[in-house]
């Protein structure tokens, strides 16, 4: 017998709130969404994506024009330059905020007036699958909720996690070096609030079910405005319990299941993506049993691929790829190699040695990168992320420094990403080949600003049209590669993938479409030297015709040799043109 929506929700709530009347709480939640208690829950294991899906990550105001709202300018840029290239757009936090470029939200229900309004958000959502951040772990210290906390009135009085300043918090895992507990003056005197990220980002207390109810209402509003993908920011830290690490707790996983259930029921086809920048094994747990995240960020990919290309050795990348489980139907990986944040180092734990991490850090610093640190449970500061644009990160190698292969190396990195199992996601500054913005770092005082430049659209369009500009070369070649990818069934996010063993300078894998009508051998020279691959080593089927999707080269002699220039990539397929 199929359980009703109410029954399933109540069972999940019982795990999180065992002391509460969860039958009543489930009813309140469903009322908030106008969902029928006796509705059947959505079918499991549905793929909500295909090979044509490609995501763009951008701030609302990355592309600007004087006198025009940035969200309007962004929509025009998408329509004019990327309509046939992208299917999904992640607009980073577009709400009023007090710090952290949007991740200290002051009002979840409003659009930042300097960016535009909800009509502008709806306009993007009409033509692209829109992804929005659900900044669920913390809220701005200047939000109405926190102002009410200070005044000791509702809503907000009991919305924040507090702890005695004498509490032993040495076990707590967090990504910053700032103090965890922050003193706040309230109408009741001094209180100490929990701040995982900064004193301006105060952690919410989901042990109070009213906080959950608030977010149910927020989620409904976003879906009503066209949002169909929810990026759950910093969700690993959601549930706090003194005496634990306060990361990945059972209640956190259960709350993700609850929100996914509600989101799927309210808007069939909507998705949840968890942002959990943690070691690979921990990250994989957010798939649950295909009942938590629809997709997880492949956080180990950016640092491992970067390390591969600056060392000319794919050993660690290949070892990692072989260890990655195929995503179940109804789940997938979100592949990215750059984002608005830095390149995380925690996801390399257990994959790179400390010496290898330090060599990567040294190389990136020589290319203009800056390193952020976190406070480890033992009190030591550890390198957390490298802040650098991907364009500058790939300007040379660890051994030789800057060289003339920057463009080829950069394109190789994205060609690998486009071919891997999962949905590819492009940060806008990678699509544009933007350089390090050291001036912005000095202006803001924030290291992450190095990769958060802003373009005037007239300058951008003329630069992209300049055949001598590396920006134009990057943009047009990446668009071409994306166009090729979108037509290949073997690049479906859930298509079969096997790792090839072609030496340390060739990173290769095989993809096969879900109906087995297409194979693609993805072969990438990750070194600065010419490499050769014997076709006999990849076991091509002799009765098929083979060609390279990227260059158009036809393969006539299956016993021959492929010669790859430095950083050249080949997608060898058996389907006719």
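Glycine is treated like the rest: Cβ placed from N, Cα and C.
TrEMBL labels come from automatic prediction, so no person has curated them.
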Per TrEMBL: substrate is bound by 100, 231, 232, 233, 340, 341, 448, and from 138, 414, 492 the site also lists 138
Ordered by sequence, the long-range same-chain Cβ contacts of residue 341 (substrate binding site) under 8 Å (at least 6 apart) are 277, 385, 448, 451
Cβ contacts within 10 Å for residue 448 (substrate binding site), all chains included, total 19
Within 10 angstroms of the C-beta of residue 233 (substrate binding site), the count of other C-beta atoms across all shown chains comes to 21
Within 10 angstroms of the C-beta of residue 138 (substrate binding site), the count of other C-beta atoms across all shown chains comes to 29
Note: among binding-site residues 231, 340, least Cβ-dense neighbourhood at 10 Å is 340
